[in-house]
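According to TrEMBL, the features are:
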- 1-16: signal peptide (SIGNAL)
- 6-217: domain 'GH16' (DOMAIN)
- GLU103: active site, nucleophile (ACT_SITE)
- GLU107: active site, proton donor (ACT_SITE)
- ASN111: N-linked glycosylation site (CARBOHYD)
Amino acid sequence: MAKAVVTAAVVAVAVAAVLELGLVGANFQDQCDITWEPQNAKMTEGGNHLTLSLVSNSSGCMLRTKKQFIYGSVSTRIQLVKGNSAGTVTTYYTSSIGEKHDEIDFEFLGNETGKPYTLHTNVFADGVGSREMQFRPWFDPTDGFHNYTIFWNPCMIVWFVDSIPIRVFRNHSEAGVAFPTQRPMYAFSSIWAAEDWATQGGRVKTDWTKAPFVAEYRDIALSVCECSGSGSAAGAAGADAASPTCARGCATPDHWYAAPELCQLSEKQLRQMKAVQLGYTIYDYCADARAKGRPVPPECALKQY
């Protein structure tokens, strides 16, 4: 009994450390490459501070981690574009490379001055997406930095904002629901133009006289199971699955993120998430399918928490 209590305490401390940035020594300069429009990115403070700029409707910017991984936690702090950000999309997400890709998304859809951002989440598994949930932030994401974390283990995916869980997507592969378990992912950050859909369904366009639009990032924390699959060097050839040995090894419970205690939210986390979802959800793909009489995805009837 005492050993179990100690183990649970160690896991809790590990999770708290992962979700709270500031004690992490990793930085963008050491951990990442600029893979699109590097002239629109700038690193300062020894690589701990990053800006990504959107200059025109064809010239944004993208950053990608050097590491590929299966499972773990990736975090960064972001201050979104100030003022009129209509038509802009700032992102923080993980994704595999190649066909039938896996992806876990945070996307921040800009708006007119004085109107709130949309916090957009989605998950793709085996190339299947359309699992969107959207929220209005309960804070001003342009006033100071806020911590965004993607936690991914063999049991579930959790999206955190300032250490508060806002959404869970559970592994129900035994019920035929695709879940990312095989393809190594990179973590990405980007800013790009999407005025045809991003703000009020495309009704509000980007005011390019306000360009450049600048998103700021501070610090990056990667506590992951590094897993170099064929997607890193041979991704262009279309193969993106990790070796079976690596995928199985990253799923074993000796890794902190795969501890049994982390297969569900704590009671406190569950209360926090329900409060956010009750007060700030503006779109839920499950509810939308039911309301419009479309086929409801099978996971919508299964336990997520």
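Placement of Cβ uses the backbone N, Cα and C atoms for every residue, glycine included.
Quick caveat, the model's predicted, so the values are computed rather than measured.
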What Cα-Cα separation, expressed in whole Å, is found between GLU103 (active site, nucleophile) and the residue listed as 'N-linked glycosylation site'?
25
GLU107 (active site, proton donor) CB neighbourhood, other CB atoms within 10 A:
20
What same-chain residues, at least 6 away in sequence, bring their CB to under 8 Å of the CB of ASN111 (N-linked glycosylation site)?
SER85, ALA86, TYR117, THR118, THR199, GLN200, VAL204
